[in-house]
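Visitor: One structure coming up, written as structure tokens, with questions to follow.
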Amino acid sequence: MTPEQKKLFNIIVLGLGFMFMFTAFQTCGNIEQTVIKSFNSTEFNGSGYTSMSIIYGVFSASNLVAPSVVAVIGPQFSMFFSGLLYSAYIAMFIHPYTWSFYTASVLVGVGAAVLWTAQGNVLAINSDNHTIGRNSGIFWALLQFSLFFGNLYIYCAWHGHEHITDKDRQTVFISLTVISLVGCFLFFLIRKPDPDMSSSEVTESLIHLTFYSGVYGTCIGAMTRFGEDAKSLIGISGICIGIGEILGGGIFGLLNKNNRFGRNPVVLLGLVTHFVAFYLVFLNIASDAPLAPEAGTNREAFITPSVGVALLCSFLLGFGDSCYNTQLLSIVGFLFRDKSAPAFAVFKFIQSIMAALAFFYSNFLLLHWQLLILIISGILGTLTFFLAEWKAQSLRETDYSSI
């Protein structure tokens, strides 16, 4: 196996490991607030939104030490042990208690910082200036297949269920725990690449992930006007998000060698796509859906609730997110090859703070206020990306077809 083939093999294994892990974890995040509402226990009174807020808050703080952890124990063991923390969080739902729920949330926050720092390191040492776009596209597409498989399983498992029983919950989360553990052990197949003079680092997503990864699925499950199968539609929604992510990853990641116009048009496309999705969500989903009890809400928004429109919004949210992420992977990997770990940690630090804040206010704000915040943050995020891209162009003359 040539050095280039070995690096490509490592990228594929990295993507597959994350696909298995996040098939479990993203599915867990998508359904946990709905699952929590179905608990028939006086021993548990936690909130899925609060849990996610804790995870991203701890994630943010842990980014300050994550590069040191990866440097000491190496990226493989860092990803493996972090993956075990993710698996423990998922397994907690088999027999949940409030104290174990929030303790596991803290541990996942620590593990997430180490996991994504290690991921960036592996992607860095297996990429160069010419392959960072291709490799980031391959990784992103494989990662986002997790949304397809996990949510398809949820749809099949919960189809026709108006109420999620303890047996339903336990069956699902035992399966997700096993899937997550498979991903952890896949990381040991990654081989050490031959020494290279170049390195790069990459990162993941914008704070809009809080909406599509947790809040929107809960809203769909709460809409009683979608019929008796509203709960199972959470899975279909996740699949549509995954299709959008995978399609965008393929177009803007794997095919970016044909892009001669830079990154800004792709990011702008992501912003427009999200704006269309937010407008349709505003029209289609009742404003109290994020806060509705297990019985759901019978209210309407501004049009008669449509399952088709809801699933179209899911696709648009995924596609728009991939527009942002493929370009972030490219620009961070290109600009900070020599100082990748600090740049990666700072980016994840800021991202995690904003994600924690978004999950926190999801406990209290009606849907239209959440959408307004997303619109404002999307505009600001796009403008700051434009500034970074223009600065990159002024610092170095580069042919984008090589990125």
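Cβ atoms here come from the backbone N, Cα and C positions, even for glycine.
TrEMBL lists these features:
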TRANSMEM  7-25  transmembrane segment
TRANSMEM  69-92  transmembrane segment
TRANSMEM  99-118  transmembrane segment
TRANSMEM  138-158  transmembrane segment
TRANSMEM  170-190  transmembrane segment
TRANSMEM  233-254  transmembrane segment
TRANSMEM  266-286  transmembrane segment
TRANSMEM  301-320  transmembrane segment
TRANSMEM  341-361  transmembrane segment
TRANSMEM  367-388  transmembrane segment
Visitor: Based on Cβ pairs under 8 Å, which of the stretches 69-92, 138-158, 341-361, 367-388 lies most in contact with the transmembrane segment (266-286)?
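Guide: The stretch with the most close Cβ contacts to the transmembrane segment (266-286) is 367-388.
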Visitor: Should anything in the same chain at least six residues away from the transmembrane segment (170-190) have a Cβ under 8 Å from its Cβ atoms, list it; otherwise answer none.
Guide: 10, 13-14, 16-25, 27-28, 31, 75-76, 79-80, 83-84, 86-87, 90-91, 93-95, 122, 150, 153-154, 157-158
Visitor: Counting a contact as 3 or more Cβ pairs under 8 Å, with residues at least 6 apart in sequence, do the transmembrane segment (341-361) and the transmembrane segment (99-118) touch?
Guide: yes
Visitor: Which residues, given as numbers and ranges, are at least 6 beyond the ends of the transmembrane segment (138-158) yet have a Cβ under 8 Å from it?
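Guide: Contacts of the transmembrane segment (138-158) (Cβ under 8 Å, skipping residues fewer than 6 from its ends): 8, 11-12, 14-16, 18-24, 26-27, 30-31, 123, 164, 168, 171-172, 175-176, 179, 231-239, 241-243, 245-246, 249-250, 253-254, 318, 322, 325-326, 329.
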